[in-house]
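A quick write-up on the structure given underneath.
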Amino acid sequence: MAETSSEREHLLASEIGSTNASEDDLSDSLKDRHPNNISIEHTVDPERFLSTKYESLDYDITENIVHLREEKKQTYKDVAKMQAVRWVVSLMIGVLTGLVASFIDFSVETISAFKYSTIKQYVDKCIEEDCIYIPMMIWLAYNALFCLIASCLVVFIEPCAAGSGIPQIKCFLNGVKIPHVVRFKTLVCKVIGVTCAVSGGLAVGKEGPMIHSGAVVAAGISQGRSTSLGLDLKIFEYFRTDTEKRDFVSGGAAAGVAAAFGAPVGGVLFSLEEGASFWNQALTWRIFFTSMISTFTLNIMNSYIKHRPWDLSYPGLINFGSFNALTYSGFELPIFVVMGALGGILGALFNFINHKLTLFRLRYMYYKGAQVIEPVVVSIMTATFGFMSIYINNDCKPNSETTEEMRVQFFCDDGFYSSSTNLFFDTPESSVKALFHAVAGSFNVSTLASYTAGYFFLACWTYGLSVPSGLFIPSLLIGAGWGRLVGIGVAAIFPDQEWADPGKYALIGAAAQLGGIVRMTISLTVIIVEATGNVTLGLPIMLALITAKWFGDWEGIYDMHIHLQSVPVLGWEPPNLSSNINAREVMSHPVTVLHIKEKVGDIVDLLKKEVHNGFPVVDNLESPQLSGSHRTFGRFRGTILRHQLIVLLKLKVWEENSDFIKLQSRLQMSDFRDNYPRYPPIHHISISPIERNYTLNLEPFMNTAPYTVSENMNVIKNSAMQTWHLYALLMLVTGTVQKPPSPKQARGSHVTTCLYNACHVAVRAKCAVKCVPVEGENEKH
């Protein structure tokens, strides 16, 4: 049976990651499977391979005659109208994101209430009739069923809906085109999947996926159509470009954060700190407006759902409760710093374990059956852990200490309830609130210790499963668990002191743990402060988060998963020790170029052969001549993108066309935006044998002012970040881009440097791996 593309990729990943595979086997595997037949001379870590399935988004404006013609027609009235439409679209994104969040929250609460009430009925009955195994089996069955639904949606319908989606959105905003990341089908699978995953008892939250959901909503609304549904409303057509979509997706991601935590300012900062690589002042205001509308919409919807219309006290999916009476003293600050350090260390351990588990999945869990079964197994283990913890801890408290609906007796005597049920027998958001606000003495030390340790490893195991899942809530639960333990210890050392509140330390521990895992500082501080409603706690939270980042700083879990997915994402800063690398060493020969006037047949053959999204346009191109150690390929005149060539071929805009002059003068930017973002492949363009000999003039359509750099420009020169990002927009050549050696490698006399194929046009090309030894520090490559 022939292998599918997905199976081939999984098999290749398995072969690359296998520690038992020989170098020759690995080289032969890549030779057979890669179209360019590039060999491997040295084995490297799997995460250092860059996938061949990713392309770049075209964030650079194509300054050609067609574009300038459209710009010249615009008036001040048109510009003002376009700005007003942008605000309208931002409003719609905020409203719809809030509605999606409300639907997820209502669904999870309804399903969880039914599930736990059913189990409680059987628990109360079976305590007397000695059939306690029945509620346990019902618990396991509920979890398994919901997780089976969630995993099937991801594995068989839309794999891009797995996880929180934050790494994919970061890549999208960085300029990498992630397949299916903002599709309507992805949104449906995400919403239903995360509802089932949370209801299925997995150690996940629904807040992280809201960021992805908001981004998908923004991408769809801003385009005025859905290609998945075949629906085109013929509105917002001007926004059908990667640049405009990127800005709206930034707003959608921020709206998702705002809806998740009731933190509009935190949403803006999250989009700035973790998401967008491109920012401006006007975008800041629109994103803040979108976040505010998202929170307001969710607030209104939740007020009606809870039968308290226009009681606007439900701003986010998670409610941390009131911390208004909570204060702290100056001598507690060192304790907060130590807790931040502990959060950073535990966060680094969490990321390390999850990294190893993800590598294991890449090597051995690539079959669809295994991807479906694993979440079911984890859900059963989670339910078993919860049931056994309640049974073993037997943490019984008097009924007078809780409300009627929270009382679950389980194995306690009459008149008592099991306080462990506040942790295991409720939604994750309710468990967080219990850890923050339960009175001192509500939980035994053994209960908190076992819960924190067990939930830590369950959350490690869960993140990366083939289900939609968020990491915010599990991180908060882990941190709140050990933070409350710290609070109990402080209260034991300083008895009868009002400031020794376990709930306060639970909050600081939750912030430290989350910061240690995701390595965010500014935005996370604002999010937690907004969620608590207490600005006074800003300083302790900032201290904990900064310390957590310092102690655990390697890379956050989202960046780690980006690298494990082999996405060629560009960092904020150039690599260390790259000051001795210039443009000549980064870009190499041979270069695939086009003449200003090119034969139609040659263009078609080139597009069928090459996978790159853009090409340099040159004149005076003769047979490549050697000039010293460098080859010349003509005088550079501009760049042209793949989709532009396909549109020109589709419309038959060649010089031999009898209506060529009229067709060229009538050609508009809307003709290039009509098929956005799914342009037809070159194989679907019908070209007759006679038309292959016709001539296509590229000069009116190419970008005559692309970003260029001197071949001697240093990677780190004056402003390193601007130069580094300029390389991301560079399209002088298509060929091999060298990845600079790590500091550890650079200290040796013989280093192994991985090269990956690229076409930095505003378009990254398909990536093909090649490893070669590089002798000497300054040797030319």
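Along the chain as shown, residues are numbered 1 onward.
Using the three backbone atoms N, Cα and C, a Cβ is placed for every residue, glycine included.
Listed features, source TrEMBL:
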type     : residues : note
REGION   : 1-34     : region 'Disordered'
COMPBIAS : 1-12     : compositional bias 'Basic and acidic residues'
TRANSMEM : 84-104   : transmembrane segment
TRANSMEM : 132-157  : transmembrane segment
TRANSMEM : 248-270  : transmembrane segment
TRANSMEM : 282-300  : transmembrane segment
TRANSMEM : 312-329  : transmembrane segment
TRANSMEM : 335-353  : transmembrane segment
TRANSMEM : 373-392  : transmembrane segment
TRANSMEM : 471-494  : transmembrane segment
TRANSMEM : 506-529  : transmembrane segment
TRANSMEM : 535-552  : transmembrane segment
DOMAIN   : 590-650  : domain 'CBS'
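Counting Cβ pairs under 8 Å that are 6 or more residues apart, the transmembrane segment (132-157) and the transmembrane segment (312-329) reach fewer than 3 and are not in contact. Remote same-chain partners of the transmembrane segment (282-300), defined as residues 6 or more beyond its termini with a Cβ less than 8 Å from a stretch Cβ, comprise 86-87, 90-91, 93-95, 97-99, 101-102, 105, 214, 218, 247, 250-252, 254-259, 262-265, 267-268, 271-272, 276, 310, 312-317. Residues 164, 203-208, 260, 318, 335, 339, 342-343, 346-347, 350, 428-429, 431-432, 435-436, 440, 443, 445, 448-449, 451-452, 455-456, 459, 462-463, 500-514, 517-518, 557 of the same chain sit 6 or more residues outside the transmembrane segment (471-494) yet have a Cβ under 8 Å from a Cβ within it. Across the residues of the domain 'CBS' (590-650), the predicted structure has a mean pLDDT of 80. With respect to Cβ pairs under 8 Å, the transmembrane segment (312-329) is most closely packed against 248-270, considering the stretches 84-104, 248-270, 335-353, 373-392, 506-529.
Listed as Cβ neighbours of the transmembrane segment (373-392) (distance under 8 Å, sequence separation of 6 or more from its ends, same chain) are residues 136, 139-140, 143-144, 146-148, 150-151, 197, 200-203, 365, 410-411, 418, 420-421, 423-425, 447, 450-451, 454, 458, 461-462, 465-467. Within its own chain, the transmembrane segment (84-104) has Cβ neighbours under 8 Å at 187, 191, 194-195, 206, 209-210, 213-214, 217-218, 221-222, 236, 238-239, 248, 251-252, 255-256, 259-260, 286-287, 289-298, 301-302, 305, 317, counting only residues six or more beyond its boundaries.
The transmembrane segment (248-270) makes no contact with the transmembrane segment (535-552): fewer than 3 of their CB pairs lie within 8 A, with pairs spaced 6 or more apart in sequence. The DSSP breakdown of the domain 'CBS' (590-650), given as helix, strand and coil counts, is 19 helix, 24 strand, 18 coil.
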